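Notes follow the structure.
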Amino acid sequence: MTTFLKGHGTENDFVIIPDPENAIELPPAAVAALCDRRAGIGGDGVLHVVRSAAHPEARHLADEAEWFMDYRNGDGSIAEMCGNGVRVFARYLQYAGHVGEGDLAVATRGGVKKVHIDKEGLVTVGMGRATLPEGDVTVTVDDRSWPARNVNMGNPHAVAFVADLEHAGRLLDPPPFAPAEAYPQGVNVEFVVDRGPGHVAMRVHERGSGETRSCGTGACAVAVATARRDAVDPTVTGTPVTYEIDVPGGRLTITERPDGEIEMTGPAVIVAQGEIDTDWFAAIETVNP
Ligand SMILES: N[C@@H](CCC[C@H](N)C(=O)O)C(=O)O
């Protein structure tokens, strides 16, 4: 039997697979089956919880961070980072008794992230710095197109400011973007409207997962794109800037500091724990080796 848990951060939901010694094979088909909302457990992605020392991609980080977040998108693809995922990952480590409240470090494909779990259930993550590659990008939905800001948070984002979040449509498919060379590995697309000073709302279509109810790296990208649109740059002014970002699943608070480091704060919840049926899991791997 393989244990799983289910958790979410602002309703970006994950199947959590604890596997300290990295003994469980997770081919893309197994991840997609676990994330299937009708035939599986259901989730936007999988958080595979592995000791850094036991994973070839994280062994070199084992002295800095005991645990590695081996994150997978719902379609089985691998992504560099997942901001909501890191918060839920930390909450799982606390739930399982591996860590207590306070500070910890989590290894990710995007480097080691510093995390703080507070008494009220909120989790803050040091998300690193954004980079803003030059070049015009256009995002299209149906008969509307918008210029988008290219923001990299370890993973790629295209941030488009729109008049109405409904203009993003049903977001059943990845929104087309141009030029194609802008995102050779695909992109997460955020649609943003202003709500007031330091306050915006967004929807997101995630690479590898479809429309989700929140995206942590996306919220960071939106905060930076909004600041630059408004000619605000903490690395120039020396004054931190904070945005409240409303997502369909709740609210995230994003602060960009004068050194360019971005902090994200939001909730992280464990909702269930169970056992995956051995025969069902084995059959997926047999059919899709
Ligand atoms: N939901 C995540 C982002 C997950 C990765 C993304 N889909 C990608 O492929 O880059 C978040 O909270 O950041």
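FYI, residue positions are counted from 1 along the chain as it appears here.
Cβ coordinates come from backbone N, Cα and C, glycine included.
Database features, via TrEMBL:
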- Cys82: active site (ACT_SITE)
- Cys82: active site, proton donor (ACT_SITE)
- Cys215: active site, proton acceptor (ACT_SITE)
- Asn12, Asn73, Gly83, Asn84, Asn155, Asn188, Glu206, Arg207, Gly216, Thr217: substrate binding site (BINDING)
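Features recorded in TrEMBL, as mapped to the structure shown.
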{"residue": "Asn12", "record": "substrate binding site", "DSSP class": "strand"}
{"residue": "Cys82", "record": "active site", "DSSP class": "coil"}
{"residue": "Asn155", "record": "substrate binding site", "DSSP class": "coil"}
{"residue": "Glu206", "record": "substrate binding site", "DSSP class": "strand"}
{"residue": "Cys215", "record": "active site, proton acceptor", "DSSP class": "coil"}
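Most Cβ neighbours within 10 Å among the binding-site residues Asn12, Asn155: this distinction goes to Asn12. The substrate site in the record is lined by Asn12, Asn73, Gly83, Asn84, Asn155, Asn188, Glu206, Arg207, Gly216, Thr217, and its two most distant CA atoms lie 17 Å apart. Cα separation, Asn155 (substrate binding site) to the residue listed as 'active site', rounded: 8 Å. Comparing the binding-site residues Gly83, Gly216 on other C-beta atoms within 10 angstroms of each C-beta gives the minimum for Gly216. For the active-site residues given as Cys82, Cys215, the lowest number of other CB atoms within 10 Å of the residue's CB is seen at Cys82.
Within 10 Å of the C-beta of Glu206 (substrate binding site) there are 29 other C-beta atoms, taking all protein chains into account.
Residue pair Gly83 (substrate binding site) / the residue listed as 'active site, proton acceptor' shows a Cα separation of 7 Å. Taking the centroid of the Cβ atoms of Asn12, Asn73, Gly83, Asn84, Asn155, Asn188, Glu206, Arg207, Gly216, Thr217 as the substrate site, the other same-chain residues with Cβ within 8 Å of it are Ala79, Met81, Cys82, Gly85, Val204, Ser209, Thr212, Cys215, Gly218.
Looking at Cys82 (active site) and Asn12 (substrate binding site), their Cα atoms lie 10 Å from each other.
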